[in-house]
Amino acid sequence: MKGFKKFLLGFRWAGEGLVYALKTQRNMQVHAAASLLALSLSLWLNLLPLEWAVLFLTLGLVLSLELLNTALEASLNHLAPEIHPQVKIAKDVAAGAVLAASIAAVAVGLCLWGPKLLNVLRH
(Lines of atoms letter the chains of each structure in order from A; the text may use other names.)
(Lines give C-alpha, C1' and ligand atoms only; values in the text may rest on other atoms or scores of the structure.)
Protein backbone atom coordinates (compact mmCIF):
# COMPACT_ATOMS: atom_id res chain seq x y z
CA MET A 1 0.00 0.00 0.00
CA LYS A 2 2.95 2.30 0.62
CA GLY A 3 3.89 2.33 -3.07
CA PHE A 4 0.34 3.15 -4.14
CA LYS A 5 0.14 6.01 -1.63
CA LYS A 6 3.35 7.45 -3.04
CA PHE A 7 1.94 7.00 -6.54
CA LEU A 8 -1.15 9.02 -5.57
CA LEU A 9 1.02 11.66 -3.88
CA GLY A 10 2.81 12.07 -7.19
CA PHE A 11 -0.43 13.37 -8.71
CA ARG A 12 -0.79 15.84 -5.84
CA TRP A 13 2.76 17.11 -6.31
CA ALA A 14 2.22 17.42 -10.06
CA GLY A 15 -0.94 19.40 -9.38
CA GLU A 16 0.99 21.67 -7.04
CA GLY A 17 3.48 22.29 -9.84
CA LEU A 18 0.70 23.20 -12.26
CA VAL A 19 -0.88 25.56 -9.73
CA TYR A 20 2.49 27.17 -8.97
CA ALA A 21 3.18 27.78 -12.65
CA LEU A 22 -0.30 29.18 -13.28
CA LYS A 23 -0.08 31.50 -10.27
CA THR A 24 3.46 32.78 -10.77
CA GLN A 25 4.45 32.51 -14.43
CA ARG A 26 3.05 35.14 -16.79
CA ASN A 27 3.84 33.10 -19.89
CA MET A 28 2.04 30.07 -18.45
CA GLN A 29 -0.99 32.26 -17.84
CA VAL A 30 -0.85 33.51 -21.43
CA HIS A 31 -0.54 29.96 -22.79
CA ALA A 32 -3.39 28.74 -20.57
CA ALA A 33 -5.64 31.59 -21.73
CA ALA A 34 -4.73 30.94 -25.36
CA SER A 35 -5.51 27.25 -24.83
CA LEU A 36 -8.96 28.08 -23.45
CA LEU A 37 -9.62 30.34 -26.43
CA ALA A 38 -8.46 27.61 -28.80
CA LEU A 39 -10.74 25.06 -27.13
CA SER A 40 -13.70 27.45 -27.25
CA LEU A 41 -13.16 28.24 -30.93
CA SER A 42 -12.79 24.55 -31.67
CA LEU A 43 -16.09 23.77 -29.93
CA TRP A 44 -17.81 26.47 -31.97
CA LEU A 45 -16.30 25.17 -35.22
CA ASN A 46 -17.21 21.53 -34.45
CA LEU A 47 -13.81 19.96 -35.01
CA LEU A 48 -13.64 16.35 -36.13
CA PRO A 49 -12.21 13.74 -33.71
CA LEU A 50 -8.82 13.65 -35.44
CA GLU A 51 -8.67 17.45 -35.41
CA TRP A 52 -9.37 17.41 -31.67
CA ALA A 53 -6.53 14.93 -31.20
CA VAL A 54 -4.13 17.21 -33.09
CA LEU A 55 -5.31 20.19 -31.05
CA PHE A 56 -4.90 18.41 -27.70
CA LEU A 57 -1.41 17.18 -28.62
CA THR A 58 -0.40 20.66 -29.74
CA LEU A 59 -1.73 22.39 -26.63
CA GLY A 60 -0.19 19.71 -24.43
CA LEU A 61 3.18 20.21 -26.08
CA VAL A 62 3.19 23.98 -25.54
CA LEU A 63 1.99 23.77 -21.93
CA SER A 64 4.42 20.94 -21.11
CA LEU A 65 7.37 22.83 -22.55
CA GLU A 66 6.39 25.92 -20.58
CA LEU A 67 6.30 23.82 -17.40
CA LEU A 68 9.73 22.33 -18.20
CA ASN A 69 11.08 25.81 -18.91
CA THR A 70 9.80 26.98 -15.51
CA ALA A 71 11.36 23.98 -13.76
CA LEU A 72 14.71 24.51 -15.51
CA GLU A 73 14.76 28.22 -14.68
CA ALA A 74 13.93 27.57 -11.01
CA SER A 75 16.65 24.93 -10.76
CA LEU A 76 19.29 27.04 -12.47
CA ASN A 77 18.40 30.13 -10.42
CA HIS A 78 18.97 28.06 -7.28
CA LEU A 79 22.19 26.39 -8.45
CA ALA A 80 23.74 29.44 -10.10
CA PRO A 81 22.18 32.66 -8.78
CA GLU A 82 24.98 34.67 -10.37
CA ILE A 83 24.92 35.36 -14.09
CA HIS A 84 26.83 32.68 -15.96
CA PRO A 85 27.10 32.37 -19.77
CA GLN A 86 26.25 28.64 -19.80
CA VAL A 87 23.22 29.18 -17.57
CA LYS A 88 22.02 31.92 -19.91
CA ILE A 89 22.37 29.56 -22.87
CA ALA A 90 20.36 26.85 -21.10
CA LYS A 91 17.59 29.29 -20.18
CA ASP A 92 17.50 30.83 -23.65
CA VAL A 93 17.38 27.44 -25.38
CA ALA A 94 14.54 26.28 -23.11
CA ALA A 95 12.61 29.47 -23.85
CA GLY A 96 13.35 28.93 -27.54
CA ALA A 97 11.77 25.48 -27.35
CA VAL A 98 8.58 27.05 -25.99
CA LEU A 99 8.66 29.67 -28.74
CA ALA A 100 9.13 27.03 -31.46
CA ALA A 101 6.21 24.99 -30.12
CA SER A 102 4.07 28.12 -29.89
CA ILE A 103 4.79 29.02 -33.51
CA ALA A 104 3.93 25.46 -34.52
CA ALA A 105 0.70 25.74 -32.49
CA VAL A 106 -0.29 28.85 -34.42
CA ALA A 107 0.34 26.99 -37.67
CA VAL A 108 -1.75 24.05 -36.45
CA GLY A 109 -4.53 26.46 -35.50
CA LEU A 110 -4.47 28.02 -38.95
CA CYS A 111 -4.71 24.58 -40.55
CA LEU A 112 -7.54 23.44 -38.28
CA TRP A 113 -9.60 26.62 -38.18
CA GLY A 114 -8.71 28.49 -41.36
CA PRO A 115 -10.87 26.52 -43.80
CA LYS A 116 -13.75 26.30 -41.30
CA LEU A 117 -13.65 30.04 -40.57
CA LEU A 118 -13.58 30.85 -44.28
CA ASN A 119 -16.60 28.63 -44.76
CA VAL A 120 -18.45 30.42 -41.94
CA LEU A 121 -17.57 33.84 -43.39
CA ARG A 122 -18.81 32.82 -46.85
CA HIS A 123 -22.25 31.87 -45.54
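Glycine residues also receive a Cβ, built from the backbone N, Cα and C atoms like all the rest.
Those TrEMBL annotations? Automatic predictions, nothing curated.
Transmembrane segment is the annotation TrEMBL gives to one range among 30-47, 66-83, and that range is 30-47. Note on the transmembrane segment (30-47): residues 22, 55, 59, 62-63, 66, 102, 109, 112-113, 116-117, 120 of its chain, located 6 or more positions outside it, place their CB under 8 angstroms from a CB of the stretch. Between the two most distant C-alpha atoms of the annotated ATP binders (E73, E82, I83, H84, K91, D92) there are 16 Å. Within its own chain, the transmembrane segment (93-115) has Cβ neighbours under 8 Å at 27, 31, 38, 41-42, 45, 47, 51, 54-55, 58-59, 61-62, 65-66, 68-69, 72-73, counting only residues six or more beyond its boundaries. The Cβ of E66 (active site, proton acceptor) lies under 8 Å from the Cβ of A21, Q25, N27, M28, H31, V98, each of which sits 6+ residues away along the same chain. Minimal Cβ crowding within 10 Å, among the binding-site residues E73, E82, D92, is found at E82.
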